[in-house]
Structure formats: C-alpha cells, structure tokens
C-alpha cells in the first residue's frame with residue numbers, strides 16, 4: 001500500500017463489538033478522520049450519562065468524535081462530505097444510514113456483519129445463531145446499500161460454534177475475527193483486488209431484535225432447544241422462568257440424559273448435592289447456574305442449599321413461552337426494529353426486512 005497517500009476513512013460504531021475493528025484500523029495504515037458514535041446514554045445504577053465503548057476507546061486514542069442526534073441532519077452530512085473519505089466503515093452503529101451518507105465515500109461504505117450472509121440478516125445474528133444450535137457462524141464484510149444487510153459480499157470468514165459456547169464467547173470471537181477481516185477487506189479494495197458478489201436471496205434468513213418473550217423458557221420445547229436458548233442469552237439478557245411467582249434466571253444448563261418423565265417444567269430432582277433437573281417437552285435439562293430475583297448468579301447446588309424446592313415443583317407456565325424461535329426464509333418488505341438493547345451488542349443496518357419467526 002502506498003504510504004504517501006494513506007487511505008482515509010470515517011468509522012461509525014457504538015458497542016463493544018465495534019471496538020476491535022476500530023483498534024485494528026488505528027493500528028493499520030488507514031487514517032481515521034472521524035469516529036461517529038451514538039450520543040451518550042444513562043448507564044449504571046446512578047443513571048448518569050456515560051460514553052459507549054467506541055467513544056471511550058476513541059477518547060483514549062485522541063480521535064475526533066461526532067455524536068449526531070440525527071444522521072440525516074444536513075450539517076452532519078455536509079461535514080462528512082467535506083472530509084472526502086475514501087471509505088465509511090460501519091460496525092454495529094445501531095442506526096440506519098440514508099442514501100445521502102452511503103453515496104459520500106469514494107470507495108464505498110463497508111460494513112462488518114456478524115454472520116455468514118445472506119443468513120441471519122438483521123439486528124441479533126449472534127444471539128439467534130447460538131439459540132438455533134448452529135454448528136458454525138462467521139463474519140461478512142459487504143458494500144452497504146439501503147437494504148437490510150443486502151449489500152454485495154466482499155469477504156467472509158467462518159468459525160465453529162462449540163456445543164457449550166454461549167453468546168458472550170461467540171460475540172467476542174467474532175468481534176476479533178471481524179477486525180482482522182475488515183483490514184484485509186480495505187487493503188484489497190484499495191488495491192482493486194476485490195470483486196463484490198451479490199447475495200443469494202433464496203438463502204436469506206432474518207435475525208430479528210430480541211423481545212421480552214424470547215427470554216422466557218418454554219418448557220414444552222425439547223431439552224436441546226432449551227439448552228441452546230439459555231446459552232444464546234448468556235451473559236445478556238438472560239433466559240428466565242418463574243418460580244413461585246418470582247423470576248428465576250437460568251444462565252447455564254445441560255441435557256440430563258439420565259432423567260426423563262414428568263410434565264414440562266416439572267422439577268424431577270432438587271438436591272444440594274445431585275443438582276436441579278427439570279422435565280421438558282422432550283427429555284430433561286440440568287440447571288447448572290441460576291439467579292433468583294435480586295440475587296447474584298450462583299451454582300444450582302448452592303441455590304438449593306438456601307432454598308427448599310421439593311420434587312414436583314412446577315416452573316413457569318408452559319403456555320406462556322415462545323412458540324417458535326427458529327428462523328424462516330423469505331424476503332418481505334418492512335423496517336428494522338428499534339430496540340436499542342440489541343444494537344448495543346450486535347450490528348445491523350438498512351431498511352428491508354425478512355419474515356420474522358413467530359415469537
């Protein structure tokens with residue numbers, strides 16, 4: 001790469017997932033002209049305004065930061081245009097970019113998406129890949145258009161999802177993998193070595209924003225599905241059930257192959273030594289780590305030492321859980337959900353939406 005004219009870019013990102021990508025760019029030959037991130041939001045117990053992870057990192061690096069309230073504002077758009085960037089790089093920014101912004105960079109807007117597109121388009125690809133029990137996932141770099149993750153693919157990198165990997169593990173792995181792939185993508189685009197390829201619409205699936213009902217354990221589902229749900233929501237936002245009218249979060253679970261029988265949600269075993277086993281629609285699960293309301297996460301055995309739970313206790317209400325969390329195929333019109341909690345952890349973008357799974 002010609003060091004005399006280092007390619008210049010504007011970086012757009014907000015949550016933890018985007019930090020490794022920004023760090024990789026800072027350490028590369030690319031010039032980061034500005035970092036665009038969402039406005040500070042109330043955080044913590046004091047509900048005080050605090051910067052997001054990308055802003056916190058950018059401040060430490062002495063990078064210039066923009067936090068527009070409205071990315072369609074002509075003052076913001078004109079400023080980005082005057083910078084004349086070669087690229088705009090978008091990693092989990094959490095807002096939809098209008099065409100007037102997408103058209104600015106000389107070499108295009110490049111997005112890092114946490115799935116192997118066209119599968120798992122949308123706001124929560126990592127959560128849904130783990131919850132659906134996928135054996136592998138990956139990251140994709142693409143040239144952005146005004147659709148929902150529908151732009152032409154540049155490069156992809158796969159990684160396995162282990163049977164006990166949770167959302168947090170896969171999230172961090174993909175964040176680092178995406179950072180490496182991003183620099184490689186920009187290098188090859190700058191050198192004119194990449195030919196973008198259109199996505200195969202017939203293979204497209206959608207990963208919708210998480211809603212409250214996705215966190216509720218439906219004990220009529222199979223033991224494997226419940227285990228996947230639990231690990232797909234760990235460490236955030238957490239799967240939960242009801243115990244005597246109070247929320248009980250479940251952070252880790254495994255299939256209990258030596259137990260069966262009972263109604264879905266019925267406690268088959270509750271012993272401080274032998275553990276906590278619950279019947280499901282097919283098989284049983286052993287709860288390994290739980291969190292009662294207002295308490296910290298503890299091993300199930302430790303929980304049972306302080307809470308008497310006789311065998312036969314019924315957890316939750318089987319009919320109150322989600323019906324189907326698996327993805328569907330298709331390409332209907334619509335708009336991306338606005339729930340900010342998923343935008344903090346995973347990237348998405350654009351306007352067009354695929355059919356959602358039934359909650």
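Including glycine, each Cβ sits where the backbone N, Cα and C put it.
Listed ranges 266-312, 313-359; the one TrEMBL annotates as region 'Disordered' is 313-359.
With helix defined as DSSP H, G or I and strand as E or B, the domain 'Formyl transferase C-terminal' (211-308) counts 21 helix, 40 strand, 37 coil. Mean pLDDT for the domain 'Formyl transferase N-terminal' (10-185) in this predicted model: 97. Broken down with DSSP, the repeat 'ANK' (121-149) shows 7 helix, 9 strand, 13 coil. Taking all protein chains in view, 23 other C-beta atoms sit within 10 angstroms of the C-beta of residue 118 ((6S)-5,6,7,8-tetrahydrofolate binding site). Summary for the binding-site residues 116, 117: the Cβ-based neighbour count within 10 Å is maximal at 117.
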